[in-house]
Amino acid sequence: MQMSYAIRCAFYQLLLAALMLVAMLQLLYLSLLSGLHGQEEQDQYFEFFPPSPRSVDQVKTQLRTALASGGVLDASGDYRVYRGLLKTTMDPNDVILATHASVDNLLHLSGLLERWEGPLSVSVFAATKEEAQLATVLAYALSSHCPDMRARVAMHLVCPSRYEAAVPDPREPGEFALLRSCQEVFDKLARVAQPGINYALGTNVSYPNNLLRNLAREGANYALVIDVDMVPSEGLWRGLREMLDQSNQWGGTALVVPAFEIRRARRMPMNKNELVQLYQVGEVRPFYYGLCTPCQAPTNYSRWVNLPEESLLRPAYVVPWQDPWEPFYVAGGKVPTFDERFRQYGFNRISQACELHVAGFDFEVLNEGFLVHKGFKEALKFHPQKEAENQHNKILYRQFKQELKAKYPNSPRRC
């Protein structure tokens with residue numbers, strides 16, 4: 001009887017000790033949870049995203065630093081610029097693919113990352129405060145889940161000067177909180193994007209294309225500046241790097257990459273052979289063929305498609321610049337910047353091509369590489385204000401050409 005009583009006492013003591021241990025563990029758990037929650041409140045950062053592979057802490061730090069700066073105003077005072085929302089290590093002597101996009105059009109980065117194997121720099125324009133916030137969330141989500149974004153992409157943000165971008169509140173995770181992979185981020189972006197008519201922002205803010213171009217190519221000795229909805233041919237970056245490694249003599253020469261456009265239903269051609277087959281049946285045509293044939297005609301597409309096939313990328317023939325040619329090109333040396341007074345539609349690229357010509361650059365067309373725009377450019381796909389903007393920029397272009405005479409008084413070339 002006494003032994004039974006002793007056993008029962010020992011059992012109750014053991015049970016009491018176990019209950020006390022459980023209680024202590026629960027208190028410890030609640031304390032840690034409270035501390036973590038307080039850290040979230042303090043940090044005001046992207047803790048609603050799941051843990052990701054290496055460099056995520058660096059991404060968060062860089063985003064925080066870029067946004068905390070408050071940005072800087074552009075020369076006009078109309079736009080606020082946040083440099084280095086995302087940063088990557090870029091060799092200044094590498095060939096950079098520089099592009100620009102509205103927030104909706106960031107979905108095209110997926111195709112660029114697949115085709116362009118080198119460094120890429122993108123300037124993003126957010127027309128509203130909500131878009132600016134979405135851009136910061138996207139920057140983190142893409143770099144968090146896409147290793148190529150972390151390794152190869154620099155991202156900058158531009159918004160109207162009256163807005164300031166800020167780090168999103170972790171209590172409001174939004175559309176991208178539960179995504180787990182790079183493909184999921186791009187799929188989600190494609191679903192929430194609102195494809196619209198070219199340059200129709202739905203606000204009274206002008207799209208600052210030349211400011212965005214300059215920002216994207218800033219600091220690069222060699223850059224191919226393209227629109228985000230264009231895709232380069234496979235291996236173009238490797239071919240350009242090999243050319244650069246062999247010659248290192250690009251100063252004063254603009255290497256023209258022929259540009260085409262394709263019906264949207266078609267798969268993007270990877271090489272010149274595939275492109276030429278589509279070109280011959282009318283599924284691919286010169287860029288801007290339906291809007292401004294002379295704008296690309298000097299490229300001499302008939303000559304280019306009939307060049308003999310070669311394994312190495314090289315300049316094939318020289319083309320004297322003539323108005324209104326606005327080629328896409330890679331150049332080294334002191335390339336003139338894009339004039340940031342040109343906004344919205346009209347004369348924003350030709351003005352820079354014109355200055356290249358006056359500054360003494362020569363144009364040589366590459367034999368194998370090319371660019372393809374997704375879809376045929378058609379007049380009906382532009383916003384109603386296109387013609388008014390074009391006329392405004394046409395007057396500005398005339399003024400710009402007069403200014404070039406004063407800027408290059410010893411140049412025999414004119415536009």
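For all residues, glycine too, the Cβ spot is worked out from N, Cα and C.
Pulled from Swiss-Prot, these are the features on record:
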type     : residues       : note
BINDING  : ASP227, ASP229 : Mn(2+) binding site
CARBOHYD : ASN204         : N-linked glycosylation site
CARBOHYD : ASN300         : N-linked glycosylation site
TOPO_DOM : 1-8            : topological domain 'Cytoplasmic'
TOPO_DOM : 37-415         : topological domain 'Lumenal'
TRANSMEM : 9-36           : transmembrane segment
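Projection of Swiss-Prot feature records onto the structure.
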| residue | record | DSSP (3 states) |
| --- | --- | --- |
| ASN204 | N-linked glycosylation site | coil |
| ASP227 | Mn(2+) binding site | coil |
| ASN300 | N-linked glycosylation site | coil |
Practice problem: Select the most exposed residue of ASN204, ASN300, where exposure means the fewest other Cβ atoms within 10 Å, treating these as the glycosylation sites. | Solution: ASN204
Quiz item: How big is the Cα-to-Cα gap, in Å, between ASP227 (Mn(2+) binding site) and ASN300 (N-linked glycosylation site)?
Solution: 21
Exercise. To the nearest whole angstrom, state the Cα distance for the pair ASN204 (N-linked glycosylation site) and ASP229 (Mn(2+) binding site).
Key: 24
Self-check item: ASN300 (N-linked glycosylation site) and ASP229 (Mn(2+) binding site), Cα-Cα, nearest whole angstrom
Solution: 23
Quiz item: Just how many other Cβ atoms lie inside 10 Å of the Cβ on ASP227 (Mn(2+) binding site)?
Solution: 19
Self-check item: Reported mean pLDDT - the topological domain 'Lumenal' (37-415)
Solution: 88
Practice problem: State the count of C-beta atoms found within 10 angstroms of the C-beta of ASP229 (Mn(2+) binding site), not counting that atom itself. | Solution: 18
